[in-house]
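As recorded in TrEMBL, the features of this protein are as follows:
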BINDING   Gly106, Ala107, Phe132, Asp217, Glu218, Val219, Gln220, Thr275  pyridoxal 5'-phosphate binding site
BINDING   Arg135, Thr274  N(2)-acetyl-L-ornithine binding site
MOD_RES   Lys246  N6-(pyridoxal phosphate)lysine
Amino acid sequence: MTNSSLTGRWQGTLMDNYGTPRLPLVRGAGATVWDAEGNAYLDLVGGIAVNALGHAHPAVVEAVTRQISRLGHVSNLFIAEPPVELAERLVALAGRPGRVLFVNSGAEAVEAAFKIGRRTGRTHNVAAVGGFHGRTMGALALTGQPAKQEPFRPLPGEVTHVPFGDADALRAAVTGRTAAVFLEPIQGENGVVVPPPGYLAAAREITRAAGALLVLDEVQTGVGRTGHWFAHQADGIEPDVVTLAKGLGGGLPIGATLAFGPAADLLTPGQHGTTFGGNPVVCAAALAVLDTIEADGLLDRVKRTGERLRSGIEALADPLVERVRGAGLLIGIVLTEPLAPQVQQAAQDAGLLVNAAVPGTVRLAPPLVLGDHEVETFLRELPGVLETVRRSRRPGE
Ligand code: PMP
């Protein structure tokens, strides 16, 4: 099968998420993927922060193969070892008592958090402008991006969106009627927007004072992405609810809603559930991810490679780069002009996969196992990519 035949076929049969061209890929190993013509690409997108251990990591392959050969699925009528062990591990990593609900995606993890909030007896939620929490109806109501919401109004619940990073605005919006405040520790889809220091701690204090839940959406930032198991651990705060997905399954679909303290008891039996949530095979994959992060010292490694990438990009002093922001291996290259889609295309042409999160920012979310030599390859190739974009843009564009 050739690339071109795949391109023609998907456009006729798959509903299109983004309306942009898609590169057909056939194989991956580590941080490299190949197309059908055998062209290799250095993958700094990582399935949008999903392929934590890169592609075809032996630990994930082994865990999945072993589990599916033994017991592939049991439903929630029964219980198997992997989801129990995974829940125990996640709660231990959070470092305090809690309970876990397994689902199949980030949006579903947020939906469960939405329902936990409802069980406080309150219906008002607060979320951040520019935030992204998923595309199902509840998650979309929380997503602070009007263009994604408009076609689907009315959306469930009463949600106040406040500017991200502004503690005073948050304080003014949260009242005794507020069920929960939903925040990303770093806004990923919005272009890797990092709040000022102390913002999450202020959110913790504000929600506690109002008797509202603090829900941190760590779907993108969790599971080692920022060099911590959970990004909020860098702030030393204790949210009531944490949502995870993406990197947790190392490429397999899984989401998790972690609830701590009294929030862990708000959903009672019969109030929520899903057929596939806690599937033993995806939980076995997730356990392999956690084991490997631990065994290979990937949290420290992510801090180091992230720092090298950030400082390396800054040191290029390219006129198209305004600044670089992020934490660990979630990096936003903020451009001086809204040319991120062009940078994405030029990078792809040069054998590098990056993501135009928003027009003004290029996002990097590579596998956590990204090697030093791969970082240097990227830093060597990037100036040529940026120069291509600068040269090809038309005057006044
Ligand atoms: N929350 C955050 C912070 C996300 O980044 C995403 C996905 N980009 C989601 C929720 C939704 O996850 P999913 O696409 O798996 O539904």
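Glycine residues also receive a Cβ, built from the backbone N, Cα and C atoms like all the rest.
Everything TrEMBL records as a feature, shown here on the structure.
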{"residue": "Gly106", "record": "pyridoxal 5'-phosphate binding site", "DSSP class": "helix"}
{"residue": "Phe132", "record": "pyridoxal 5'-phosphate binding site", "DSSP class": "coil"}
{"residue": "Asp217", "record": "pyridoxal 5'-phosphate binding site", "DSSP class": "strand"}
{"residue": "Lys246", "record": "N6-(pyridoxal phosphate)lysine", "DSSP class": "helix"}
{"residue": "Thr274", "record": "N(2)-acetyl-L-ornithine binding site", "DSSP class": "coil"}
Taking only the binding-site residues Gly106, Phe132, Asp217, Glu218, Val219, Thr274, which have a CB closer than 6 angstroms to any atom that belongs to ligand 1?
Gly106, Phe132, Asp217, Val219
Filtered by Cβ under 8 Å and at least 6 apart in sequence, the residues in the chain of Thr274 (N(2)-acetyl-L-ornithine binding site) near it are Asn76, Val103, Asn104, Glu108
Determine the Cβ neighbour count for Asp217 (pyridoxal 5'-phosphate binding site): the number of other Cβ atoms within 10 Å of its Cβ.
32
Which one is it: of the binding-site residues Phe132, Arg135, Val219, Thr275, which Cβ has the fewest other Cβ atoms within 10 Å in this structure?
Thr275
What is the maximum Cα to Cα distance, in Å and rounded to a whole number, among the residues Gly106, Ala107, Phe132, Asp217, Glu218, Val219, Gln220, Thr275 annotated as binding pyridoxal 5'-phosphate?
25
When you rank Ala107, Gln220, Thr275 by Cα distance to the residue listed as 'N6-(pyridoxal phosphate)lysine', which of the binding-site residues ends up on top as the closest?
Gln220
Keeping only the binding-site residues of Asp217, Glu218, Gln220, Thr275 whose C-alpha lies within 10 A of that of Arg135 (N(2)-acetyl-L-ornithine binding site) yields none
